[in-house]
Each structure stands twice: as C-alpha cells, then as structure tokens.
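Heads up, the thing below is written out as structure tokens.
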C-alpha cells in the first residue's frame, strides 16, 4: 500500500497527463510537470516518485539533462521510482498486422532494455520492468529503488568479529628470535642473562630469575631446545629457579 502523503507525481506535458494532474490534485497529491521539475529546485525528499508520459520517452535518455539522476536526489533512501509510459498503437487497423506486431514487440523490448540500463547507470537497484496491453496501446512500467549504502548494525558487528578473529590469529603467531652460534653483537650474552655463582670447586649455581625465552622451549630441557639455544646443557628449570650443576658429573 503506497503512502501518498510522501509521494510526488511528475507528469509529461501532454493532454492525457493533464487529466491525470486533475485527478491527483483532487486527492491533494503534489504534482509537477517535466519542464518545471527540470528547472525548479525541490526542498523535500519523497518515499515514492511516479513519472507518467504518453508517447514521448526520449527525455529519459537525455544525458545532457539527466532527469533520472535528478529524481534520485529527491528520493529518500530505499525510495521507489515508478515510471509509467503509455505507447499508443496506431497499427491495429492496418494490413499485415502480424509482421508489424512482431516488429512492435521488438521495439518495446528495446525500450525496456534501454530504460533499465539507464536506471542502472544512474545508481538505482532492484530494477523491474514489465509491459501490459491496454485498450489502444501498451503500458511500460519500470520500478527502481534508490539504494541505502549505510552499514547496518549487523554489518558493523560482522566487521568487528572479523577484526577480532584477525587479532587472535596474529596473537597466536610466534616470533622466534634466534641467536647465532657465532654471535658478535652481544645478543647471545644478553639472552643468557644467567647469574653464575660458584659454590665450590665441584658445584656451580645458576640464577634464572631474568631468563628470557623467545620460543618458550628453553625451560624444557635439551630435548626441546634448538641447536643454538643459549641454555643448552642446563637441565629443565622454571623461571626464577636456581639451578645447581655438579661439575664432576659434567666432566664425566
């Protein structure tokens, strides 16, 4: 059900449209002619704009004075443009009607295709086109919607979810900061960060309070350590735990 309280009627300047103008005026629905619509500025937007024309539709294809684009400016988001063209059939009483009817159908299809393209090129969506037979001609009806490209709350939630997933994936990535065996920059000494305390000739104690492990395997023992691990040779330990080594066992 169309709410005519927020509807504008655009009429071509021909006799049948003048009759429509009187009808809509009686219903207190705002109407305006094609020429006035092109020249005047409208200070309101509408949910529905109806355009009526008899015979003439060339003004819809005029790129220099693009009326479809101007109509879109006065449509609300998701507003509907409803184009109605009445093409009078003057060939009903002529001979060879079958050939002429076939040619006319091809012409109508070309008009429909062209008008749909023009609506699409001007940014309309959900475009539908149909033709119906009337008593003395053919009525072409094209409906098109003015899109609303603003993101909905659901779209924003989806974006947030994707961002969260991406951040979680980034957090799971491990950055392995390995130390070269022949380190000359001092990184190996810094990585060791072990305080060596000699208890006696046979025992040495290591304080692991400030130990830093980039891969997380340094605390697990030699079976899990890489070949260049600075803690290679130490038993498994917990950060902050003092590790005692028996030098006699090492020599053996």
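Cβ atoms are placed via backbone N, Cα and C, with glycine included.
Residues or ranges marked as region 'N-terminal SAM-like domain' by Swiss-Prot: 1-153.
The region 'Linker' annotation in Swiss-Prot covers 153-166.
What Swiss-Prot lists as region 'Fe-S binding site A' is 169-185, and the listing cites sequence analysis.
The annotation [2Fe-2S] cluster binding site is assigned in Swiss-Prot to 169, 180, 183, 185 on the grounds of sequence analysis. Following the DSSP three-state reduction, the secondary structure of residue 183 ([2Fe-2S] cluster binding site) is coil.
For 215-229, the entry in Swiss-Prot reads region 'Fe-S binding site B'. A mean pLDDT of 74 is what the model gives for the region 'Fe-S binding site B' (215-229).
Taken from Swiss-Prot, the feature motif 'Cx2C motif 1' applies to 215-218, supported by sequence analysis.
Counted within 10 Å of its Cβ, the other Cβ atoms near residue 226 ([4Fe-4S] cluster binding site) come to 12, all protein chains included. When secondary structure is read from DSSP and collapsed to three states, residue 226 ([4Fe-4S] cluster binding site) falls in the coil class. According to Swiss-Prot, the feature [4Fe-4S] cluster binding site maps to 215, 218, 226, 229, an assignment based on sequence analysis.
What Swiss-Prot records for 226-229 is motif 'Cx2C motif 2'.
Cα of residue 215 ([4Fe-4S] cluster binding site) to Cα of residue 183 ([2Fe-2S] cluster binding site): a span of 18 Å. Cα-Cα distance from residue 218 ([4Fe-4S] cluster binding site) to residue 183 ([2Fe-2S] cluster binding site): 18 Å (rounded to the nearest whole number). In the three-state DSSP scheme, residue 215 ([4Fe-4S] cluster binding site) falls into the coil class. Looking at residue 183 ([2Fe-2S] cluster binding site) and residue 229 ([4Fe-4S] cluster binding site), their Cα atoms lie 12 Å from each other. With respect to Cβ neighbours within 10 Å, the binding-site residues 183, 229 differ, and 183 shows the lowest count.
Take the binding-site residues 215, 218: by the count of other Cβ atoms within 10 Å of each Cβ, the lowest one is 215.
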